[in-house]
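Here the structure is laid out as structure tokens; the discussion comes afterwards.
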Amino acid sequence: MDDDLALQRAVALRSGLDDYELDDADLDLLEVDGEDADAIAFLPALPVLAIVGRPNVGKSALVNRILGRREAVVEDTPGVTRDRVSYRAEWNGRRFTVVDTGGWEPDARGIDASVAAQAEVAIDLADAVMFVVDAMVGATSTDEHVVRLLRKSDKPVFLAANKVDDARQEPSATELWSLGLGEPHPVSALHGRGVADLLDKILKALPDVSAVAKQEVGGPRRVAILGRPNVGKSSLLNKAAGEERVVVNELAGTTRDPVDEQVELGGRVWRFVDTAGIRRRVHLQQGADFYASLRTSTALEKAEVAVVVLDVSQPISEQDVRIIDLVLESGRALVLAFNKWDLLDDERRRYLEREIEQDLAHVSWAPRVNISARTGRHLEKLVPALERALESWETRIPTGKFNAFLAELTSAHPHPVRGGKQPRILFGTQSTSRPPTFVVFTTGFLDPGYRRYVIRRLREVYGFEGTPIVLNMRVREKRKH
């Protein structure tokens, strides 16, 4: 059926709905038939403020105080902020970027050494630095080491003497003149005391446009990297970004805050959101892991497409399936990345294919890439998979074509008779994209099996690779004359 004929048929079907009881919401829906794509804007790079200091001096609490919301994971355990994390902030009408870093320990071993290295990188990428010291502890040898690094940076440095909760404790802040960084600013991240005055001074030193940050594009496609702890999410982002962006350690769960990074892949910019992994038994978790899990869900809400990373060296688990189901519930596009593929032998590969067929049958439509995040093998296949998934996610089927599709489908395979009645599809329309959401007006309730059949046929005819499809029903009765 050509487009003109399909449109004429749809108009006739639509007019037939006037014989049925329609409410205001129905009428509003029937008027919708346009694109809903967001415009992409280009924004100047915002000035960057890095917040650095030893572990557990209150850096993340200060970030939360500046932002006015709980963003950085805060706990009374040294080293709980392990990655460099960027947040957008605004103060007195000025927008800027805040970078929270893990704590410094000059002689750190293992993961602490990685965090220290990232803090040094953060200083290089900042326009100004807030150096946080615990005024109640005073200057330590570690602080002296940090001061030497700060002096090398030649950046404006503001000394925040934290944990000064009232005027009686201000002499402790005064003692920090000894560090040679100029005036110590007594603040209390816990109570907010002194933070506003310090921010006023910092903003005077920050340029209007960052001298160091990459140019920020307003609309890079947003990708959430999801998966169980230690499946290779951070390694995947590091390989894509070409730098040690996220602390990678064999200890499961070493990523606690989602970390955004703009990465150029396949000739375009993407914004990857690396997450903490979704933990089992959330209600049993310690504080930091609990909040990080909540943040993972938030990261997914901010994303347009999710890459779920699965470790092929282990069987597909219930937790893997739950993470995939979370993506489906959120309505995001989906790509499956099977990591550590280079480690598979033939026997494990055959067994894995059977697992995929059995456990992931409900997402057989998702693009699949077999990669090695560690070596970067087949990473180039990720971009075409993301592009296909996003294109499907934004697809809109014209109303005429959709109704022609429904007519052909119901003619070849009408709904079964139930209780002496056979529900009919009167008319259909696509209400939105992102994900594609269809509404059908019917004379009766459609069986779940029949709805699955409609969705399956939609995929066969139109593709929709990499996106969930939502099919809603509106059962309507004829008007009583």
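Residue positions begin at 1 at the first shown residue.
Yeah, the Cβs are placed from backbone N, Cα and C, and that goes for glycine too.
If you check Swiss-Prot, you get these features:
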type: DOMAIN; residues: 47-210; note: domain 'EngA-type G 1'
type: BINDING; residues: 53-60, 100-104, 162-165; note: GTP 1 binding site
type: DOMAIN; residues: 221-394; note: domain 'EngA-type G 2'
type: BINDING; residues: 227-234, 274-278, 339-342; note: GTP 2 binding site
type: DOMAIN; residues: 395-477; note: domain 'KH-like'
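A sphere of 10 angstroms centred on the C-beta of THR101 (GTP 1 binding site) encloses 27 other C-beta atoms.
The separation of LYS233 (GTP 2 binding site) from THR101 (GTP 1 binding site), Cα to Cα, is 20 Å.
In the three-state DSSP scheme, TRP341 (GTP 2 binding site) is classed as helix. Across the domain 'KH-like' (395-477), the DSSP tally of helix, strand and coil residues reads 29 helix, 22 strand, 32 coil. All protein chains considered, the CB of LYS233 (GTP 2 binding site) has 28 other CB atoms within 10 Å. Every protein chain considered, the tally of other Cβ atoms within 10 Å of the Cβ of GLY53 (GTP 1 binding site) stands at 25. Counting every protein chain shown, the number of other Cβ atoms lying within 10 Å of the Cβ of LYS59 (GTP 1 binding site) is 28.
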